[in-house]
Structure formats: structure tokens, C-alpha cells
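The transmembrane segment annotation in TrEMBL covers A:12-33, A:53-75, A:87-104, A:110-128, A:140-160, A:204-221, A:242-264, A:276-295, A:302-323, A:329-348.
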Amino acid sequence: MDRMPAWADAVLVPLISLLLAAFLSALVIIAIGENPIDAFKLMVDGALMRSSGWGYTLYYATNFIFTGLAVAVAFHARMFNIGGEGQAMIGGLGVALVCLYIPWPHWSLALLGSCLGAAIFGAAWALIPAYLQARRGSHIVITTIMFNFIAAAFLNYVLVNLLRPVGAMDPATAKFPEATHLPTFQDMFSTAASPMFRGAPANVTFFLALLACLLVWLLIWRTRLGYEIRALGHSEPAARYAGINPVRTVIIAMLISGGLAGLMSVNTTQGEAERLILNSIEGAGFIGIAVALMGRNHPLGVLLAAMLFGFLYQGGAELALWTNIPRELIVVIQALVILFTGALDNMVRIPLERIFLAFRRGNS
Amino acid sequence: MSGLTNGGRPDQAAPVAPAIELKGISKAFGPVQANKDISIRVMPGTIHGIIGENGAGKSTLMSILYGFYKADAGEIFIHGKKTEIPDSQAAIAAGIGMVFQHFKLVENFTVLENVILGAEDGPLLRPSLAKARGVLKQLAAEYELNVDPDALIQNLSVGHQQRVEILKSLYRQADILILDEPTGVLTPAEADHLFRILDNLRREGKTIILITHKLREIMEITDTVSVMRRGEMTATVKTSETDPPHLAELMVGRKVLLRVDKKPATPGKNVLEVRNLRVVDDKGVERLKGIDLTVRAGEIVGIAGVSGNGQSELLEVLGGYADGTGEIIMNGESLDLTGKHSDGQSRRARGIAHVPEDRQREGLIMDYFAWENAAFGYHRDPRFRSGILTNNRAMIEDTERKIKKFDVRPPNPYLTAKNFSGGNQQKIVVAREIERDPDLLLVGQPTRGVDIGAIEFIHQQIVALRDEGKAILLVSVELDEILSLSDRIAVMFDGKIMGERLPDETDQKELGLLMAGIEGDPDKPLIEAVDEQLHAKEAREAKKNG
């Protein structure tokens, strides 16, 4: 076999890619006259060394886990769902409606309800592109990206004209009732003696995200549906031969994908803002693509990649706060990470593969 | 093939430098040694056959000669001169032309445009086209390489497209021609014509290397034959001094049964009845034009025909993944041909198992493990389920059993399908389908790209299933396979069944005529009759395409 071992593929390649991205980022930081080592320290301090930093890192990671899983599930059916952004927005609408118009007695029930609302609304937003792809052959990339814009415009309309409380100036819903507020990490882990995660937005939804990772893993590798989704993704002629209905399977995979993207809104809308605002997604739908790419569409990989991007988001915010490094540079660093771990994957993989083969030939 | 002569060849005893001499060629892909210290001499004006199983290293060797790969070690001499061939440009400059198994033609260009493509004389096309027209005319007269220079490639028959490939090489002044499995897509008559062309080329002093896995072709046309096995050149012999069993033994490394041992069939009741079956593809072309066919229990019905005459569509409709009209009756009950129950799952439930024509495209998921593939299509079987989850343990155990019974190598259920050789991939598919104990087995090209050893085994399994009283419908483009396996032969041409024959009462020639759509006119010379038919078909299609 002219292959390198699986561990090298799964661990070494992304690690080296990351180091390369970090190295280039360091060069950029030097170029604007800051010290990259100090900057890195600041990022680690801000994102990982304090519990409130973790509280932000995990909050962002929760978003990225959901959108990353969404992209991953669709990708197993070879559907490139880049509409996570729009599906999450519409999912947010579902959360808002559930929280605002149903009198929940307790947050746990409200959470169940809002999850259902988010998933159904997100899935519904993915349904039309899925149908158009499966039945009409309209390319999913085109339709989902268009649906992002439609979602934004639609949400804008709904917030401004329908859900905005009378007299309010900003395009947002009213605050959700107290009973629907989710416990944050601060509520859960602080004791009177030692406050933890103070002021951080991480909340119980993070555990939902972990659960989603497990469920997606089961779905993809331990159910008939997952077996059929993967089969269809690898080869449509083979799927048809085996009696797998391509139209049905594509649509189901996209519904699950959209549902997962929608679930992200539970975290931002019910967990953090406690009302639906216009721009609650903040590009997490797109970050999900990078997360899935870097995590090789495997739930565990998605989880790790989401943590990394959570760290970059929070660490980046710290940088912008405490140094002269402008906010835009953080975007540059994130872009470099995406570029190296995703798009330039083969740049690292192929030389590494050669080295491994040379070693093996030397040994044999 | 009686018309062939070996006359006009230069005397090989004369001190002529070989047209091609390879010395000590080695090439490894990772740990796989594709070519090991290969040396070969091909004399000018001869046809040199290279025969070997799939994966023996024939194509790698020719790719090195044509500049696609760089050899790790070894030297190439062309007409006695040491030559470096770093790319295909260098190969063309050295006078080497290659006709690939899959043609490299631009479908919507004319013959002339294809011929000059990459060999234009200047920025303006007109002078090049005019020159090519003249050259083509001359070549046509010289070698019987007749093709309409203004026809679009997409309107030409496969045989004519192949001629265009040869013309392309000759136009580039090649005097050494390499043909990679050239007859795979041809009718017997087209193959005959090709061999006449090759014979003419040889007579004019061209050197030809013919890569094939068909022993018959080697015996028919070559002067010398080299046998490759597992990357090594195991023997080079004069064709006149060898015979097929000996060559087969050299290829496989052990004695091989070239004929299938089987008892006469004892057919029972009708299992499959097909009546007036029609299929229209998504471009609106009618692919099946009213097929009537019966397959009884305990018999093998072989469908012969050149590929692309509706055999694939027939299998697809029977297998449940293409729509059709007409009637298919399985064990006395009509099958749903368009509706909800027209899919692979419903067909399997009715006792139809299917070894598809293309195992890599349809029969297997190449990135799935062997154990996932061994349940493919039957993955909804309750045996493979526990609750809402799949029972992977059960699938793996089932696979281990099949691997053992069908001698799949390596016997490792955790290997992905793409890591098995063609023969072992096919064994996985055949095992999966046969082990379901179906009433009817559909088999498409069961031994395409399968090594001789595995062919023998797969044929035995199919015959054994027949002897258990199952009905078998075999589709193959290999006439030898059809003749040796079938108890009844139906020949397909242009979406119709041209006729049925019993294998003992027919021969390659008669079947070949039927395959070309001719119902037998013994007075007419074979080649003319076939050419006439093909021209008529081309004209029809050209008209259809506007």
C-alpha cells in the first residue's frame, strides 16, 4: 500500500498545516510591528487560561460544532451544503417563535421545544435546495448560497415588520420570558466561594452539541440510513444498483444537515442573546465548512476543529482588545488556518506521504 | 482469418537492429514492483504480442515506452540508438504511436480535425487540413484504413474511431505502433478488419506491439509473443512454436482449464419471461426495441453482442434501476417496471440477484470495507440489524464465511474494496449474490478484467448454481465465454434479439454475423456485409443527430 498510517493522516497532517499557518501569521504580526510570541501568549491567556475565557471559547465552539456537523452530514452524501448560515438564521426564527409564543413552565422543556423548532425550521430551509438538487439537478452550492441571502432578507422583514416590539428601535424580538432562559456555565459550575465562567455565554447547549456529535457518529457509521447516505455519496450508480433511492436519500441527508445548522441558533438565540437579533449567526455557518473540512467530516474531528476555531475566535477578540493588532488581522489568521488545513491540505499531505514511503522502503 | 499471410517480412536472421529494445526496465509504485528487470527485443516489420493477466505490468511497460512514466532503471533503444523518452512528445518524435484502449478523440471534432490536433503546421488550420486530407487518402489506399475524413467522431462506429486513432499515429510518421487491448470493443468482423490493417502495416515494414489478454488473437496475428506475470517477463517465444494451453500456463504459472466442465442442462419451468420489453433512455433514444426472452430453471442463457447494443439496459431493467415498458414475469408474477416497486430492493425480494457489468461503478463501493460491500444491496436484511442500528458484527462474520468459501485474497474483511485485485473484487460480488440463493441470477461481464485463475473459479460457481436448478442470464461481450458457459445463446443487436442458437449448433462466425445485425447471407463476403451494415447505421445516426 502506498499509504501512510491513519494516525499520520488524521493527526500529523492537520498539525503541520496548523504550524505552517501559525508561522505565516507570526510573519504578518512581525510585519505590523508586534511580537508574535506575546500575541500568542495573549491569545492563550485570554481563551484558555481563565474559566471565563473558556466560557467564550466553548460558546463559539458550540456554534461551530453544529454547523460543522451540518456540513459533514451533507458531505457524506456528497452534497456541499454551504447554506448553514441561512439555515441557522431560519432556525433562530423557530427558536424565537417557540420561546415567545408557548408558555414554558421550565427551561428544560423550553429547550426541548426550541431544539425542535430550530431543527424543523433549519431543515425546512434546506428542503427546497435539496429538492431542487435531487429532482431538478439544480446545483446545491448555488441554491444554498442563494438561500443564505433570501434567509437574511426574510429574517430582516420578519423582525422589522412582524416581531419587533412596539416602539423598539432595533430589529430584534422582545426578550424571551424568564422561564426559557438556559442555565449558563456560570449558573451550573459556580459556587459561592469560587465563581466560575463569570459573564461568559457558554451554556447548557454545549452538552447538546456533544450529544449531537455522538448521534451523528451513530447515524453515519451505525445505521442503515448512514450506510445508504455514504454509499450514495461514494457512487450514485452503485446506490441505484443496490436499490437505494437517490432522491429520497439526498433529501433526508439535507434535512438532517439543515436541522443541525438550525440547532446552532439555540445556542446564540436562546442561550446567549435571549431574544432573536438580526445578526446572531456572525458567519458561523461558513466557519462550519472549514471545521468540517479540517475535521475530515468525522464528528470527533469536527469537535476538535470546532474547539480550535473557538479558541481562535476568543483569542482573536482578546488580541483586538489588548494590542494594536487590528480586528481585521484576526480574520487574516483565521483565513490562514482555513487555507492551510482545508484548501492546501495536499501541500502538506503529499510530501509527508513521500517521507513515510521513503522511510518504509529504507526499512524493508 | 485465413486471408492473413506472414509474407514480406524482413529476414530476422539479417543483422538488423531491433526496432525496440528494452534492457533491464524496472519500475516500482511504492512497494509494488510493477516491472522487474524487463528486457525485450522487437524486430522491425513484425507484430509482437505481449500477453499477461491484469496487473501483470503490461500497461506500465508500455507507458514507460510512451513516456508516461519514468523507469527506475533500464535503457530504451529505438532502432539501435539509445533513446530517452521523458514524455509522449519524445515518444512521438522517436516514431512511436500508441492506440489506447479508451480512445483519446474529441467527440465533436471531425476525423480530419482530430488527426491534425496537436500536429498543426501553423496558426492557420486550412493548410494543415488540406495536407491531412491528402495524407489520409493515401493511407486509406495503402492500408485499407477507410474513414470519411469529414465525419464527426461521435457519429462513427467504435471500429472506425479506432482507425482514426491509428491514422493519427501514422500521420505523425510513427513506424512503431502500440495497441492496448484493441479488440475489446469490436465485433469479430471489425476485429478481423483490424487484423487485416495490422497485417498490411507489417507488410509495409511497420513494427507493431499488440497488448492483449486474448490468447486467440496472439495465435492469429503475432510473430513473437512475450508473456508477463507479476511484473516479470516470464518468456518470449515464437508464436508458431507455442499453443494456447502453454501460453495460459505461462501467464498464470500453473495449468489452467480453458474449457468449462459442465454437464448438459436439465431445464425446468420458466423462471423469467420477458415480453415486448422496451426502454427509452433519458435522451429519448429507444435502447430496447421489444425484447422477448425466456430463462428456465437450471439453464444458462447467454446474451451475446457488441457492447452498447442494449445489453446494459436489459440488465438495468431486470435489476430494477431503469424504467421500461412491456412485461417481465418472474415465477409467474408480473414485475412492476416503472412504479414504486421498480427498484433494486423489490427485485431482490423477488429472488433476483444481480452481478452487475461494472463492479467498480455499480457492484461495489470502492471506499467501503469488504464487509460493508459483502452486504451491499442486502443491507436491509433483518439479520444485519439490531434495533435501529446496524449489526456490524453479523456483517463481518457473514463476510468471513464468504471470503473463505470463495477464496478471496487477502482474506481480510477490513480491507477497502479498492485494495483487492479485480478478480478478488469480482469474487466478493459473486459471493454476495450467489450466497443469497436467488431463483434468477443476472450476470453481466462476470470475468471482465479478471485474471485467468479467478475466471475459472467464477465460471465453476455459475455452473454450480445452474446445477442447483437456478435460472441464469449471462451477458458478456466475450464470445468464448458465451460459447463455453451458455446452454442457449441469444444475440442482441441494436436493442433487438437477432436470434437464438444452441452453442453446439453455431460458431463464432455465425454469431459474429448476428452481432453485426446480419441474419446470414452466406454468399456475401463477411467483411463487406459488416461494413455495409455499419455504414448504414452511421448514416442513420448522422441523420438522427442532424
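Any Cβ shown, glycine's included, is placed from N, Cα and C.
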* Grab the same-chain neighbours of the transmembrane segment (A:87-104) for me: Cβ-Cβ under 8 Å, and only residues 6 or more beyond its ends, written as numbers and ranges. => 66-67, 70, 81, 110, 113-114, 116-126, 147-148, 151-152, 154-155, 158, 163, 173-174, 176-177, 179-180, 257-258, 261-266, 268-270, 275-276, 280-281, 284-285
* To do: Please give the sequence-distant neighbours of the transmembrane segment (A:242-264): residues at least 6 beyond its ends with Cβ less than 8 Å from one of its Cβ atoms.
  => 62-63, 66-67, 69-71, 73-74, 76-77, 79, 81, 83-85, 87-88, 90-92, 94, 115, 118-127, 129-131, 133-135, 140, 208, 212, 216, 219, 225, 228-229, 231-232, 236, 281, 284-285, 288
* Asked: For the transmembrane segment (A:204-221), what are the same-chain contacts with Cβ under 8 Å, counting residues 6+ beyond its ends?
  -> 58-59, 61-62, 65-66, 69, 72-73, 76, 111, 115, 182-185, 188, 229-230, 256, 260, 263, 266-267, 270-271, 298-300, 302-303, 306
* **Best-contacting stretch, by C-beta pairs under 8 Å, relative to the transmembrane segment (A:329-348) and drawn from A:12-33, A:110-128, A:140-160, A:302-323** => A:12-33
* Structure fact -> Ranked by Cβ pairs within a distance under 8 Å of the transmembrane segment (A:276-295), the first of A:12-33, A:53-75, A:110-128, A:140-160, A:302-323 is A:53-75
* Asked: Counting Cβ pairs under 8 Å to the transmembrane segment (A:140-160), which of A:12-33, A:53-75, A:110-128, A:302-323 comes out on top?
  -> A:110-128
* Asked: Counting only residues 6+ away from its ends, which parts of the chain sit with a Cβ under 8 Å from the transmembrane segment (A:53-75)?
  -> 45-47, 81-82, 84, 87-88, 140, 184-186, 197-203, 205-206, 208-210, 212-213, 216, 219-220, 229, 233, 253-254, 256-261, 263-264, 267-268, 271-272, 284-285, 287-289, 291-293, 295, 297-299, 302-303, 305-307, 309-311, 313-314, 317-318
